[in-house]
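For reference, the structure discussed in these notes is given below.
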Amino acid sequence: MAREATADVVIVGAGGGGYPAAFALDRAGRSVVLVDPIGNLGGNCLAEGCIPSKAVREASLIRARSTRAETFGLRGTALDVDWSGVLAHKDRVQRLRYEQHTDELRASTIRFMTATARIDDAERIAIEEADGSTTLVRFHDLVLATGSAPSRLAIAGADLAVTSHELFRLGADLPFPSRPVIIGGGYIGVETASMLANLGAAPTILEATGGLLPGYDAALATGLASLLGQRVQLHVDALVRSITRVGSDYEVSWQHGGDVHVTRGDLVIMATGRHVQLPEGIDALGLAPDRAPTVDAQLRTSHPRVWAPGDVNGRTPLFHAAVRQSLVVAHCIMAGGRSTDAMDFDAVPTTVFTEPEVASVGLTEVEARTRHGDVMVGHYDFAGDARAQILDEREGFLALIAEPHRGTLLGAQVLGVDAAQLIAPLALAIHAGLTVDQLATMAFPHPMASEGIDRAARSLRP
Ligand SMILES: Cc1cc2nc3c(=O)[nH]c(=O)nc-3n(C[C@H](O)[C@H](O)[C@H](O)COP(=O)(O)OP(=O)(O)OC[C@H]3O[C@@H](n4cnc5c(N)ncnc54)[C@H](O)[C@@H]3O)c2cc1C
Ligand SMILES: NC(=O)c1ccc[n+]([C@@H]2O[C@H](COP(=O)([O-])OP(=O)(O)OC[C@H]3O[C@@H](n4cnc5c(N)ncnc54)[C@H](O)[C@@H]3O)[C@@H](O)[C@H]2O)c1
């Protein structure tokens, strides 16, 4: 017999889309039930996404820098890689963050349930715990923050490939892949190839479209391809057809035009995108079970008391975007459902943690021209940048795209030194509606790469 309970708000999924709302609503005095089978906060990002992948990447950066030590007048052998030690560092960071989240939960009055939720009817959710017990919770508002999961290609031998989940999960124990074949040249493909190459592997990327990072600004994508291509074997227009096992190796068969090619490796990593996850019974809320719910700027679905922040709505599937959306939802629920806050989807920065880094916000030049006709483009080349010269990482650029009349910033793209940091003030500038004139009259710190923002903006002034 199911137990019955009530809550002001039930939040399904405790990732970046779920837990920030839970804490904000809890602090505001709402009764909150938060449900996730992982048994802790952080969702995919902490379990097998952002955090563990960036912990491994950091080890790879330290090693990559060490191989260039002589440039800086430092002698000695390059660092050897102890892969199990690298994974142990990753696990330590994941555990540390899980402990921190456990403390945060304890300090709140959120009712956290390690369980899977399914929709019972339009007013109630069924929460099923591992011991088989079910609690039916009647809610006023329901937040669906159930995120996304890796998509596998429907090809022969797909099960022979691993995904980022097997690579980065807590306790991951795959042997170091010396010759990984990575299917997909999107975010995960290029980041994983870059970090494994830094650790001594010889990766191959097979990308189905005509270039890396489909959807990104063309100059960023081609710039990355030419630099990453020096360390990683890249094949574009490479449509993967099948995977077979050959002894302890794998063969990946792919088609390029009319030709069929085979690439051999010791691990196949499938990085071909993610699909949204929705709880069972979602149709009882009037939502489609097989596609991302359509949301407005408040993350409200077609049901006025059902909200869908984060990866689940498919709009900007990134952790920081999920967190901001979660807080928008919390503010609107606190205001009794009124639209007192809004998500600015146009100002979400995206960052690709390759070497070199790639980052972007707002419109690309092509998108800006399509929407606004004429645009101004300010350019800064890192070849002349003091910090880039000190680091001996002189390839790359920073571009600003502005509307020609007032000079309002519409977009920014960065390839190279500190791109992942530089994009944050540029996102703020777009969100705040700043003009290139305002950026040109700021003094950014010297000798840091942020001077490039000011310099690119100044290039647009008489
Ligand atoms: C390898 C990798 C690297 C990444 N790196 C970055 C990065 O560097 N920066 C960045 O911004 N983003 C990165 N991302 C993306 C980021 O992880 C996601 O955008 C983010 O986790 C989305 O948060 P979310 O809360 O919407 O969804 P999720 O994190 O997917 O959380 C959804 C939660 O819902 C739970 N859930 C699902 N169904 C149910 C149910 N029926 N009942 C109860 N609970 C349920 C799941 O267990 C999960 O914990 C990366 C992703 C991957 C895979
Ligand atoms: N730095 C970050 O913020 C970060 C890092 C990793 C992941 N993520 C998130 O995780 C999501 C998933 O990442 P992802 O890299 O799996 O997806 P993605 O959508 O970025 O890239 C998937 C790639 O696979 C290619 N592909 C599809 N079918 C193919 C086939 N048959 N053969 C060869 N290539 C094929 C696609 O053309 C595409 O380039 C991202 O969209 C992003 O939201 C973000």
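Glycine residues also receive a Cβ, built from the backbone N, Cα and C atoms like all the rest.
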In TrEMBL, CYS50 is paired in a disulfide bond with which of CYS45, CYS332? CYS45
GLY184, GLY185, GLY186, TYR187, ILE188, GLY189, VAL190, GLU191, GLU207 bind NAD(+) per TrEMBL; candidate in GLY273, GLY281, GLY286 listed for that same site: GLY273
Mind checking which of GLY147, GLY184, GLY186 has the fewest other CB atoms within 10 A of its CB? They're the binding-site residues. GLY186
Take the domain 'Pyridine nucleotide-disulphide oxidoreductase dimerisation' (348-456) and average the pLDDT across it for me. 97
Could you tell me which of the recorded positions CYS45, GLY186, ASP311 have their C-beta within a distance under 6 angstroms of some atom of ligand 2? GLY186
Beyond GLY184, GLY185, GLY186, TYR187, ILE188, GLY189, VAL190, GLU191, GLU207, GLY273, what residues of that chain have CB atoms within 8 A of the centre of the NAD(+) site's CB atoms? ILE182, THR192, ILE205, LEU212, LEU213, ALA271, THR272
Any same-chain residues 6+ apart from CYS50 (disulfide bond) with CB under 8 Å of its CB? Would you list them in sequence order, or say none? PHE319
Quick tally, other C-beta within 10 angstroms, LYS54, HIS446; top of the recorded positions is LYS54
